[in-house]
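Engineer: Got these off TrEMBL a minute ago, pasting:
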DOMAIN    7-392  domain 'Major facilitator superfamily (MFS) profile'
TRANSMEM  7-26  transmembrane segment
TRANSMEM  42-61  transmembrane segment
TRANSMEM  73-92  transmembrane segment
TRANSMEM  98-119  transmembrane segment
TRANSMEM  131-155  transmembrane segment
TRANSMEM  161-181  transmembrane segment
TRANSMEM  214-236  transmembrane segment
TRANSMEM  242-259  transmembrane segment
TRANSMEM  280-299  transmembrane segment
TRANSMEM  305-324  transmembrane segment
TRANSMEM  336-357  transmembrane segment
TRANSMEM  369-387  transmembrane segment
Amino acid sequence: MNLKTRLIFLIGAIAAIGPFTVDMYLPGFPAIARDLNTTEKMVSYTLTSYFIGISIGQLFYGPILDKFGRKKPLLLGLTLYLISSVVCALSPHVYVLILARFVQALGASVGMVAGTAIIRDQYGASEVAKMLSSVLLVMGVAPVIAPSLGSFFISHLSWRYIFYFLTLVSGVLILSLKIFLSETHGYQPHMDFRIRPILYNYYTALRQSKFVKYTLGGSIAMAIMFAYVSSIPFILMNIYKVSAGTFGIIFACNAAGFISGSQFNRLLLRKFQLHNLTRIISLVQLVISVVFLILAYNFELPLPVFLAFVFVVLFLLGFINPNATALALESFEKNIGVASALNGAVRMAAAALTSAMMGVCYNGTQFPLIWFMVILSLFGFVFIAWARRSSLA
């Protein structure tokens, strides 16, 4: 295995631990509620606290990664994740679990920031996009196998074994990083680590028009994924009367669509410029979403047609996600950790806001999801096209 392939697997694994931690325990909500003598609503707050921790954690780790290097903060974050996973497994009360999930997210978030920063340390924008596409292939294992693996533990053992398993996984990752990961950004003794300079670094990043536009464009486009995740169970099982087993298969197939898009993206980047490909794909996504909306309002869409449109939209997201990230970070030669953290935090904020709005707007039909696809595709395209025009000016 060459160095680049090894790096892809390592970064894919540490980045995947975040979504894996969410997808794996979702089937356990009823069992957790029964065991801790609480309600499923209270258990759902463990998910809320996790997303809050992920958002805060990324901003927290950005300057740390720029000051102390990539490897040591990674090991620190994963150690924090390991300890909090044990606390999750041993939680005697739902409030302990809520707090432990928050701390677990603080640990997991380091992988989301450090992975992108490590790649950007070593490669230019086009190569970063290709590498991130490959990382997505590794990350894509999480939504495909995590729910089934979680269901296995719940059915045959206990929900607590999910967190024991995550403890084991984080331990293996820590050992792998110690052995195989080389430092790509050494300790910076002259970097000012006081609060005001750190905030100024974030402010400086926000003043970069190209970074802001590509970050917003990519974040808004990726928010489609979270609108989909938060509404598709109700659409498939309540409207189309799909069984739980069939839902799992459909969910895995759509996840595979997203991953496939990222791999086709890697191939097309050999023939097209990164900026142009991203703008074209964003426009195609908007057109497909509008056609989807028009057909939905004029015809009663059968399940295969509905799923085909959803698959295509998610497939196109597989192009936009790595490309927008690479373009956002392209102009940074220093403070890459800060830029990566800010990019990730904005994405998580857009995801959280979209999920909340989707919950409010859902009316028992598929129309809110399709409208969200159209609106988010439109604004995503506007920011990406605007960023391209700015870079040409």
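From the backbone N, Cα and C atoms, a Cβ is placed for every residue, glycine too.
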Engineer: What else in the chain is close to the transmembrane segment (42-61), if you only count residues 6 or more beyond its ends and a Cβ gap under 8 Å?
Structural biologist: 18, 21-22, 26, 29, 32-33, 36, 73, 77, 94, 97-99, 101-110, 112-114, 202, 337, 341-342, 344-345, 348-349, 351-352
Engineer: What average pLDDT is reported by the model for the domain 'Major facilitator superfamily (MFS) profile' (7-392)?
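Structural biologist: Across the domain 'Major facilitator superfamily (MFS) profile' (7-392), the average pLDDT comes out at 82.
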Engineer: With a Cβ cut-off under 8 Å, give me the same-chain residues at least six positions beyond the ends of the transmembrane segment (214-236) that come close to it.
Structural biologist: 242, 246-247, 250-251, 254, 258, 282, 285, 310, 313-314, 317, 320-321, 323-325, 327-328, 342-343, 346-347, 349-355, 358-359, 362, 364, 366, 368-369, 372-373, 376-377, 379-384, 386-387
Engineer: Could you check whether the transmembrane segment (98-119) and the transmembrane segment (7-26) come into contact, where contact means at least 3 Cβ pairs under 8 Å with the two residues of each pair 6 or more apart in sequence?
Structural biologist: yes
Engineer: Could you give the residue numbers and ranges of same-chain residues that sit at least 6 residues beyond the transmembrane segment (369-387) on either side and whose C-beta is under 8 angstroms from one of its C-beta atoms?
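Structural biologist: Those are 209-210, 213-214, 216-218, 220-221, 223-224, 227-228, 231-232, 235, 278-279, 282-283, 285-286, 289-290, 292-293, 296, 313, 320, 324, 327, 354, 357-358, 361, in sequence order.
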Engineer: Under a criterion of three or more Cβ pairs within a distance under 8 Å and sequence separation of at least 6, are the transmembrane segment (73-92) and the transmembrane segment (336-357) in contact?
Structural biologist: no
Engineer: For the transmembrane segment (131-155), which stretch among 161-181, 242-259, 305-324, 336-357 has the most Cβ pairs under 8 A?
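Structural biologist: Against the transmembrane segment (131-155), the leading stretch is 242-259.
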Engineer: Which sequence-distant residues neighbour the transmembrane segment (161-181)? Criterion: at least 6 residues beyond either end, Cβ under 8 Å.
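Structural biologist: Beyond its ends, the transmembrane segment (161-181) has Cβ neighbours at 6-7, 10, 13-14, 17, 20-21, 24-25, 28, 70-71, 74-75, 78-79, 81-82, 85-86, 88-89, 107, 149-150, 153-154.
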Engineer: For the transmembrane segment (242-259), give me same-chain residues lying six or more residues beyond its boundaries with a C-beta closer than 8 angstroms to one of its C-beta atoms, as numbers and ranges.
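Structural biologist: Same-chain contacts beyond the ends: 136-137, 140, 143-144, 147-148, 225, 228, 232-233, 236, 303, 307, 310-312, 314-315, 317-318.
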